[in-house]
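What TrEMBL records for this protein:
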type     : residues : note
TRANSMEM : 50-73    : transmembrane segment
DOMAIN   : 65-387   : domain 'G-protein coupled receptors family 1 profile'
TRANSMEM : 85-108   : transmembrane segment
TRANSMEM : 128-148  : transmembrane segment
TRANSMEM : 169-191  : transmembrane segment
TRANSMEM : 219-243  : transmembrane segment
TRANSMEM : 330-355  : transmembrane segment
TRANSMEM : 367-388  : transmembrane segment
Amino acid sequence: MNDHIILSSTALAVDHNLTLTLLSNSTIDSIETTNNCSVALQYLVVEQIFYLYIMSPICLIGLILNVINLIVFFDRSFKNLTFKYLRLIAFVDCITCILVFIYCITNYTRPRTLNDKYFRIWYLVNVYFPMANITAACNVLLTITVTIERLVSVRWPMSKQRLFSSNRVLLTLIICFLFPVLANSVNFLVYRVGECNNFDVTIIATTNAYKWFGICKEILLRFIPICILICSNCLLLSTVHAANKKFKPKTKSVQNPTLTTTMSISLHPSTNGHDTKPINKYISESQSQTDSLIPTSLEEGTNGQQRPSFVSTTSKSKMHIRKQQQEKQLTIMLVWLSSLYLCGQIPMLCAYPNFIFKDTKKISYKYYALVVNLLELITYLANFFIYVKFTTQYQLVFRTKIKQLFFCFFKSS
């Protein structure tokens with residue numbers, strides 16, 4: 001069986017490849033046969049422990065955390081376009097966690113009958129294999145889109161309204177979901193349930209065209225996105241560093257607020273020849289605070305007269321500073337999300353056959369595959385902790401949702 005073809009077409013590609021390469025060399029075997037057909041699936045003991053007892057609980061945790069992300073991001077306070085993209089990423093991660101969890105359960109437990117085995121292989125061929133590739137590709141494109149959107153917001157804010165209009169955003173989302181479906185639709189035709197309900201490949205998987213198709217897809221959906229994310233992160237970090245350096249508060253000499261300064265203002269002689277006396281003006285700290293209240297508009301009072309309404313410039317500046325702080329938090333959060341995503345994708349790229357590992361049947365490659373799959377799966381659940389750490393708005397909404405949940409629970413009980 002061609003390992004290169006198998007690996008180049010999977011979402012958790014190394015994961016799937018390991019299962020297939022062990023079909024002829026297994027440490028867990030069963031002597032149960034029905035009509036000369038083996039009922040058992042074959043895998044290593046370490047794989048069963050790793051995927052069944054470690055990765056499947058991680059999938060459940062990731063599913064729960066991404067459902068929480070969806071609930072929080074559906075709150076009306078998250079009106080920023082960035083959060084709309086993050087909402088879609090959480091939705092795609094939910095689907096991926098469900099697919100991988102079912103895969104871990106069905107592929108690393110012993111089937112009881114041939115019909116049971118048929119269902120497991122059918123799920124692997126017709127559901128997990130193509131759908132996991134589609135969700136992984138959608139995750140890639142959405143991560144790139146939200147990173148570029150944040151980069152435009154902080155580096156070229158005047159162009160954001162034009163570049164991210166409603167029509168363009170809709171077109172971008174269509175591409176993010178339609179292109180992965182088209183690129184991975186061939187996966188429905190590559191594998192099938194063979195004799196004795198075993199996994200088998202079709203004639204398409206043995207062609208050179210499919211081989212080159214897998215290489216091109218790996219370049220488009222893994223290598224190029226990695227390069228884009230690295231460049232975008234560098235630009236985001238440089239922008240944040242420049243902003244911190246520009247708006248860094250300067251040290252001021254500490255003054256006693258009780259002291260007052262005297263300003264002598266001399267009025268020059270007027271045209272009538274009369275001189276005015278110098279005026280001593282005392283400016284205190286309290287007076288400077290009252291000067292910050294300036295009339296901005298006229299309002300009609302109860303007696304029909306116009307009266308000035310005073311708006312504090314201090315409150316305006318505080319709102320501006322708060323908005324800048326939120327933008328900064330959002331940018332740093334996106335840098336962490338992109339970096340976390342790169343931590344899972346770069347090792348997966350190195351696991352591509354004939355890129356670093358020439359022989360995918362070696363034990364070193366198999367253990368490397370376990371680590372790579374674990375890293376990629378962790379990225380699906382670690383987003384929650386990044387949101388909580390770097391987004392104050394997420395913390396507030398999350399606490400509110402938790403309080404509402406407990407209140408409804410105790411009220412019903």
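Using the three backbone atoms N, Cα and C, a Cβ is placed for every residue, glycine included.
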Could you tell me whether the transmembrane segment (367-388) and the transmembrane segment (50-73) have 3+ CB pairs under 8 A, leaving out pairs under 6 positions apart?
yes
Can you work out which residues elsewhere in the same chain, 6+ from the ends of the transmembrane segment (219-243), have a Cβ less than 8 Å from its Cβ atoms?
136-137, 140-141, 143-144, 147-148, 150-151, 154-155, 180, 183, 328, 331-332, 334-335, 338-339, 341-342, 345-346, 348-349
Taking pairs 6 or more apart in sequence, does the count of Cβ pairs under 8 Å between the transmembrane segment (85-108) and the transmembrane segment (367-388) hit 3 or more?
yes
For the transmembrane segment (330-355), give me same-chain residues lying six or more residues beyond its boundaries with a C-beta closer than 8 angstroms to one of its C-beta atoms, as numbers and ranges.
3-4, 7-8, 13-14, 80, 82, 140, 143, 146-147, 150, 153-154, 218, 222-223, 225-226, 229-230, 232-233, 236-237, 239-240, 365, 368-369, 371-372, 375-376, 378-379, 382-383, 386-387, 389-391
